[in-house]
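Listed features, source TrEMBL:
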DOMAIN    21-94  domain 'Cation-transporting P-type ATPase N-terminal'
TRANSMEM  70-92  transmembrane segment
TRANSMEM  98-114  transmembrane segment
TRANSMEM  262-283  transmembrane segment
TRANSMEM  289-314  transmembrane segment
TRANSMEM  696-721  transmembrane segment
TRANSMEM  727-748  transmembrane segment
TRANSMEM  769-792  transmembrane segment
TRANSMEM  804-823  transmembrane segment
TRANSMEM  835-856  transmembrane segment
TRANSMEM  868-887  transmembrane segment
Amino acid sequence: MEAGDARLDTTASLGPRGERLWYAESSERVCNALGSGPNGLSRDEAARRLEEYGPNSLPRPVRPHPILRFLIQFNSALIYFLLVSAMAALVLGHPVDAAVIFSVVLVNAVVGYVQEGRAEQALGALAELVAPMATAVRDGVKHAVVVDDLVPGDIVILDAGDRVPADLRLIHAKGVGIDEALLTGESVAAQKQEEPLLRDAVLADRTNMAFSGTLVASGHAMGVVVETGSRTQIGRISMMLKSVEEVSTPLLKQINSFSQRVTFIISLGAAALFAFAVLVQDFQWTEALIAVVALAVGVIPEGLPAVITITLAVGVQRMAARNAVIRKLPAVETLGAISVICTDKTGTLTRNEMTVRRIMLDGLEVLVNGVGYTPQGKLTVEGPGDDSAAIAAALPIIRCGLLCNDASLIQTQRGWHAQGDPMEGALVSLAMKAGLDPVHARGEWPRINFIPFDAAHRFMATLHRGPSGEHVVFIKGAPEVIMDMAGSRSPAWEGRIVTAADGGERVLGFGIKRLAGPQMSLDWEDLAEGVELLGLMGFVDPPREKVAEAVAECRSAGIAIKMITGDHVATALAIARRLNLDADPQALTGADIDKLPDAMLSDRLALTCVFARTSPEHKLRIVRMLQKDGAIIAMTGDGVNDAPSLKQADVGISMGRKGTEAAKEASRMVLLDDNFASIVAAVHEGRTVYDNIRKVIAWTLPTNGGEMFAVVLAILFGFALPMTATQILWINLVLATTYGLALAFEPPEPRVMARPPRSPSASLLTPFLLWRVVIVSVLMAGVSLWLFFAALDGGQDIETARTIVVNAVMVMATFYLFNVRFLDMRSLSLRGALGTPWVLGAIAVVVVAQLAFTFLPIMNRLFDSRPLSVTEGVWILVIGVGLMLLLEFEKLIVRVMHPRTCAHRSR
């Protein structure tokens, strides 16, 4: 039967989506269905199937051309309006105004283009996980075949160290362990066998399958290719990733909405003012158009996009110092709005380093402390007893764990690491804690023969010659298997196993058989009798340092934490309880999620903090459902299986040390230390960034608003403009690049992590901020017009009057800067007066710039400015101080009338 026909076989095991459940069928049936066998396919048949199914590769992503990426930076309503204003100025013979506006637009575009960087490389990283060559049997002969040329029905040979080239149904497996962490999140290699499984087996339990992109850790296997390319598990993830659209950040949504509203209001107001100036005030249309351009330039905060970008970049630097690298700039601010963190367990909440926690002997329990694989720790008796006697009693089982073992420990600059199986590495560390030297012990007890672990028998046995010439077999494996071999199964032992498992421990059993004489071979029959039970050991993957404190900080900040893992329910719940993820942690499995409709799942999500035995589809569904309910999601992950949900989340967070390239490229943030505590530090910085952006806006808009009101009033009453368009641009650019930049470096507000996450629908301009913008704008406009007409009435020419206005706006903006650094608290304090080094440096730059604007001849010619007297300068300073005192008095009134509101905002 041809492979294509097999997929239409109505008697085959089919899943809910019509897919073939290869793991639920015998290997003989699978081979027959695919028209294959021990000799593999013929070369002709392989070539025909290659044409039918296509290459065994993942589609490469199509990336936008760099020129198109640059042009996209101009896709903004505010930018369109500035470009129209620049063209109008150019047509009307004002090339300097036009050149300055064009320069602002170009700088914003360049900043956006550079910051965007790499964006769509996740699919390419997925493709790189597939091995370039594979060993396949064709025409009964082994061949090295290019992986892209593999087809369903090919027979593939796997050995330790190989990367699986396609999805295989195993037809022979001996001692095979496969590292599937990138698909399932499991830290321990999955043991494989060839027998069929139940139809409802989840991905992590499909022990007769080898999945494309995973790594063979041990043993030898033969399998038949059942899926290739985008039909493999890794290919399905690739297709999911392709279908996922990255969500826009709350800040970008608010800025886009703000830009559209401002553009609409400016367009409407400009048209009305133009008509009013021409029809009512008898302006020449050219004069009216120049006045409208001045209005547009004054209102549009053209420096705001660049300042926000710089504020985000400052957040990036601060987060990098706390082990969080931001790949996509807007993610900095989004972190401050996070309301739910969906986190993996292994390697993020826990160390991903197995550790022996307890040794269970007959009538005795020994506790082991220490962290990870580091061979430092103590062995103590649980309850009253002599610790030294306990160690002596535990030495036989510890020696068994060291010798029936293929792992070793190595020390690097980053600590101790296991080479080999993680649980075996933990046994080596235990032996060193007990005072055994692994090299000396293995030399004293040389291995003669062994039986490798396999999924069918579930134990490993090694034959050794002892220092006195005795021959001994050491055995380790599933506790029930070892107890049955020794005839020691009892309710007492089984109760201890249940207790350990409920605490999240993985349990191994250990046994010994003392042989009567020398023996060189070892087979299953040798262990049919004479085995003694040495005891059991409980292993844990312990929580990372500072994670418990980070979890507590999240809960106080109103951030929910949900653990999504491929591990077993009992293990996940034990970690959840130990870290206090919730007062009473509840769990759902992947099978439970499959049975729940969206409405019921949404209700359960709110009450559940642990999700176990999950697949990539489950993770993606959980994230989407939480987002549908209005949550802002941070999602952590390190494997290929995490890539779709990482991309879907508002902030995808990948692991820098143990994460795959696919996960990193799909994420917006990378943790250098793989530590959950670094996420909380990043949230802290994200909230600070958002606070600083609000300060930038609260400071920028009144300056622009004051300029707008001054120009509008001048047009309405037929007066000369108090500032030209070029002078307004000078004010906006100098202030944005100095004071706006200084506000980006503001330190965190007090109790920044003691307030709940902000609503994603909350406006940047709260009623309080809107009131502040209006009142400061009116004050600045009123003072500017009063100074302008006072100067004209005093006999000054219009250029000098405008120079006075420009300097007054600069001084008022300077004093308002001190006020806005503390929106609710008093600014007249030592901390408020001294400011930060950035604030003081920015003031110095503005002073120098204004001195140049006022007194340098070249600046006088360029901006139509004039030198001012000392008396005029003093009056301008007095006005600035007066504005600050007036606003401080307004703050005092607000604090007295609304104390709770101010306390909430200042938290």
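Every residue gets a Cβ built from N, Cα and C, even glycine.
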- Message: Can you work out which residues elsewhere in the same chain, 6+ from the ends of the transmembrane segment (804-823), have a Cβ less than 8 Å from its Cβ atoms?
- Response: 694-695, 698-699, 702-703, 706-707, 710, 722-723, 727, 730-731, 734-735, 739, 742-743, 746, 768-769, 772, 776, 779-780, 783-784, 787-788, 791, 796, 832-833, 835, 839, 842-843, 846, 850, 853-854, 865, 868, 872-873, 876-877, 879-881, 883-884, 887-888, 891, 905-906
- Query: Can at least 3 Cβ pairs under 8 A be found between the transmembrane segment (835-856) and the transmembrane segment (696-721), with each pair 6 or more apart in sequence?
  - Reply: no
- Message: Same chain only, please: residues at least 6 beyond the ends of the transmembrane segment (696-721) with a C-beta under 8 Å from a C-beta of the stretch. Say none if there are none.
- Response: 269, 273, 276-277, 281, 283, 288, 291, 294-295, 298-301, 303-304, 307-308, 311, 728, 731-732, 735-736, 739-740, 743-744, 764-765, 769, 772-774, 776-781, 784-785, 788-789, 798, 805, 809, 812-813, 816-817, 820, 823
- Query: So what pLDDT does the domain 'Cation-transporting P-type ATPase N-terminal' (21-94) average out to?
  - Reply: 81
